[in-house]
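TrEMBL annotations:
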ACT_SITE  Cys2  active site, nucleophile
DOMAIN    2-217  domain 'Glutamine amidotransferase type-2'
DOMAIN    284-425  domain 'SIS'
DOMAIN    458-599  domain 'SIS'
ACT_SITE  Lys604  active site, for Fru-6P isomerization activity
Amino acid sequence: MCGIVGAIADRDVVPVLIEGLKRLEYRGYDSSGIAVLDGSAIRRVRRTGRVAEMESAAAAEGFSAMLGIGHTRWATHGGVTESNAHPHLSHGVALVHNGIIENHEEQRERLRALGYAFESQTDTEVIAHLIHHHLQAGIDLLEALQRAVKELTGAYALAVISQAEPQRMVVARMGCPLLVGLGEGENFVASDVSAIVSATRRVVFLEEGDTAELTRAGVRVFDAGDVPVQREERLSSVSLASLELGPYRHFMQKEIHEQPRALGDTIEAAIDAGGFPAELFGKDAQAVLAGVTGVQILACGTSYYAGLTARYWIEALANLPCSVEIASEYRYRAAYADPKHLIVTISQSGETLDTMEALKYAKSLGHRHTLSICNVPESAIPRASELVCYTRAGAEIGVASTKAFTTQLAALFQLAVVLGKLHGRVDAAQEADYLEQLRHLPGSVQHALNLEPQIVAWAERFAGKANALFLGRGLHYPIALEGALKLKEISYIHAEAYPAGELKHGPLALVDAEMPVVVIAPNDSLLEKVKSNMQEVRARGGELFVFADQDSNFSASEGVHVIRTPRHAGVLSPVVHTIPVQLLAYHTALARGTDVDKPRNLAKSVTVE
Ligand code: AGP
């Protein structure tokens, strides 16, 4: 969603701002803009569409400056127009904003009464005017920002410059991520480290309620009470290579192919430990996980499907009750809360607003024990959780989640084994067996990737279809859901997923010769049931595309296409079967010519409701 970058230096910062905004493009946006202090005047350029268009306009107008801020906007309040794009101005003050100001109507009325005129429909413009209003009291920009944010309710990350104070930039954070990048004689701000990683990897993550002042010489941080504080400097692990495409056509393709490495990194600690110590989830994990009597998983989208898979593992391996709920639903209902149940949030980005709010709500209901599975260190959700397990997928740029999902599955499987051990259901021999299965996982995933040429041939057939059905049973039903989500997300083909046994209770009515039906049919205890469900499809003229494994005892025939996934050890089979459905979605989208990495209407990090 929205992204922020800002810089103050002794060199032209316009290329830094533009590069930063390009690196933020993956988050999803519909307009962009920069404001710079050129001499003694603020200059601004904004465009709807791609950053490249805004970059051309800035170049045509000869933008060059040593202080500036930039923004990619994903529309919430007000349509996708140039006048709603950031930065917003108020009498020589320029500001960019991520988040949503809840009391913007009230502030707008107040500022109108004070004589301010509004040019946009955004909630953001009120902040620019509010800061300008406070500056009228003769205070400086930092103090004006500190006064203004105390009058705001909602979420914000802000970067502000003023033509009256050319030697500094001020920033604030509440509810949205913001970090400061430290350079030599230059400093930066960004909502995401990827925006500034080519300038510096030395970063300071601001905390809730913090404000900060950046000059060329240094950075001063203040807490919510405006008291100066030291925040720890860290060296970001995000590498430039992870943000570059390399030989791949799309980030999604790159990230699909990175999965053996990403899984290897995610399971490394367990392999090194020779088992599944509770400490994989934090140093206090043993006592917490041994004491819980159930698990409540909260997540959105693909992460929710990881949670659905985990339920099968947790109940089977640990014999603990496990519920999985979409975070945006949970947060608004009078949910049953047992303080002895562990709340597990799953989020690639660690900043999905619905998941964050569901976590807060769970705590408000009395839940004491919380665990976050997350791919982004220092993001909001793990910071708000008691226990954390970071997946080590590396930066995921494609909007469609791929390696984040399979690494979440690997982390959740480890959680299930740890719970199984601590609750007396997994003995040493079983633990060793699970470790062996885990050890082979990256290799099995690599074999599944080798199916790509066969899947390309299927994708060409899918490209002309308007609808698709995905079927799976048991552990593979969530993978069918994930396959359908991937396909609709990036190819815009309408796709639905059902547990195969549910077909005859409704969706069978949709099946005809035009309806491709993808079936995930490994050789597990439900295979014979799945075969019966496939007969139901064939009898109605539906065309079957079956991912069977080496032992499925299943062959192709008229209207039945089969691709054989590698033989894989039982319970981790969902991870392996994820690969072909990802590849099918990717190549179908490619054949349809969609914008694979930035599908329409979607954002990578969903930081609004
Ligand atoms: C996945 O392909 C989607 N882009 C989306 O469903 C995503 O998984 C969801 O928005 C949750 O995001 P999170 O994992 O960052 O919380």
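Including glycine, each Cβ sits where the backbone N, Cα and C put it.
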Would you mind reading off the Cα separation of Cys2 (active site, nucleophile) from Lys604 (active site, for Fru-6P isomerization activity), to the nearest angstrom? 10
Could you give me three numbers for the domain 'SIS' (284-425), the DSSP helix, strand and coil residue counts? 65 helix, 27 strand, 50 coil
Looking only at the domain 'SIS' (284-425), what is the model's average confidence as pLDDT? 95
The domain 'SIS' (458-599), counted residue by residue under DSSP: helix, strand, coil: 69 helix, 32 strand, 41 coil
